[in-house]
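Structure, as structure tokens:
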Amino acid sequence: MNSIIKGNVLQMTKKVYIRTFGCQMNQADTEIITALLQDEGYVMTGSEERADLVILNTCAVRENAVEKILHTLDHMKGKRRSRPGLLVGVIGCVPQYYREKMFGMADGIDFLAGPDTYRQLPAMIANAGQGIRGADFGFSSDETYCGIEPARSGTISAFIPVMRGCNNRCAFCVVPFTRGKERSRPFRSVLEDVGRLAASGYKEITLLGQNVNSYSDDEAACDFTELLDRVAVAAEGVRIRFTTSHPKDISESLVRVIAARNNICNAIHLPVQSGSTRMLKLMNRGHTREEYFEKIAMIRSAIPGVTVSTDLIAGFCGETLEDHQATLSMMEDVRFDFAYMFYYSVRPGTYAAKHLPDDVPEEEKKRRLEEIIALQGSISGERNAAEVGAVVEVLAESESKRSSEMLMGRTDTNRVVVFDRHGFEAGDLVKVRIRSSTPATLIGTPA
């Protein structure tokens, strides 16, 4: 390792590899952490093999997500045997959820940090280098990492977290336990970030929040509808997306702004979880099946051609076959463009874990999930097939995995498109004629 001078103190430079699991917020957090560490003289590497320090930025939303982390830590044990000086840190939602128990769940962890404590990472890493294990799980009522310029991982699309945490208490969800209560960034700081990204040539900006519609800057009397409108005006010509919305919070005024601003993408992710009002009540979702239908009708009447995606859970506590059929019938009626689909797994500490019996056998959960996946695959296939022959505008994001002669990108409605390169590069906006489709992808050629 090389030596540098930092703050008049001689330090050894360390190469850091961060592996990010889970959601877009975790990806945005990794960019913030990278900036914090680079400011302290650490050097980032894209290879675990070249790293002196490996940080796992983790997700706890489902049981299998935690199992992935534990499997990775087991893999790291072998690395440490051959490289005794290697440090390993686990940060994010898993250590925040399990706290000090995490040290006993896997060997060889040098430090643990929750999502509100990333400013403490340089000190924790320095202690770990001296053989001192550390953990910090403090929640903050105001930490939004405002003022830190993230080390962006790309040059085309960028994330801006505008709020953190969640005040909803859905019965199945760990987010309030791992991300804390809602707090929002000042709207002026968001607009400053947007301005910098637009001036730097970014083509797409996604506003992030665990419950983004709850954004509120009380001092500026600015809610999410106002923020989204101001962002769209400040970054005219840049695609604007946002996620994730709660059905009970999405408003007619917000939908009108999306319809009015050409650069706000016509794609809304609106998790419903179940099509049964009884299950929605058990889940503490705050709305009924009928109210969700009303939201969908309002959105589609205001925004022609909008795509709507969702999240669905199979086999939640007490779910009957009738409840499951209600989910399938909702899917048939709404015809989601795509969906994230899972079967229920108990998360300790949640209301469901404490008060509701996990009484649907795992095999039955899997069977119901298979039905949901099959139906959504059919619906997605039909909706994509309807695009064949159309000319759509695609923001090229990267070279296609299929061939170096093809690019991959997305429409403003968030449909994935693979198309013949024809001299175009990532970052270009390309008019593409759709020739064929699959349930997941549109295939075309420049028009």
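Going from the start of the chain as shown, residues are counted 1 onward.
Note that Cβ sites are derived from N, Cα and C of the backbone, with glycine treated the same way.
Within 10 Å of the C-beta of Cys93 ([4Fe-4S] cluster 1 binding site) we count 28 further C-beta atoms, all protein chains included. Among the features that Swiss-Prot reports, [4Fe-4S] cluster 1 binding site is placed at Cys23, Cys59, Cys93, with the record citing sequence analysis.
All chains included, 22 other C-beta atoms sit within 10 angstroms of the C-beta of Cys166 ([4Fe-4S] cluster 2 binding site). Swiss-Prot lists Cys166, Cys170, Cys173 with the feature [4Fe-4S] cluster 2 binding site.
Feature annotation from Swiss-Prot assigns domain 'MTTase N-terminal' to 14-130. The residues of the domain 'MTTase N-terminal' (14-130), classed with DSSP into helix (H, G, I), strand (E, B) and coil, number 62 helix, 23 strand, 32 coil.
The domain 'Radical SAM core' feature in Swiss-Prot is assigned to 152-382; the stated evidence is sequence analysis.
Mean predicted confidence for the domain 'TRAM' (385-447): the pLDDT average there is 97. According to Swiss-Prot, the domain 'TRAM' annotation covers 385-447.
Same-chain residues with CB within 8 A of the center of the Cys166, Cys170, Cys173 CB atoms, the [4Fe-4S] cluster 2 site residues themselves not counted, are Asn168, Arg169, Phe172, Val174, Val175, Pro176, Gln210, Asn211.
Here the domain 'TRAM' (385-447) has, by DSSP, the following mix of helix, strand and coil residues: 1 helix, 33 strand, 29 coil.
If you measure from the Cα atom of Cys173 ([4Fe-4S] cluster 2 binding site) to that of Cys23 ([4Fe-4S] cluster 1 binding site), you get 14 Å.
Residue density at Cys173 ([4Fe-4S] cluster 2 binding site): 20 other Cβ atoms are found within 10 A of its Cβ, drawing on all protein chains shown.
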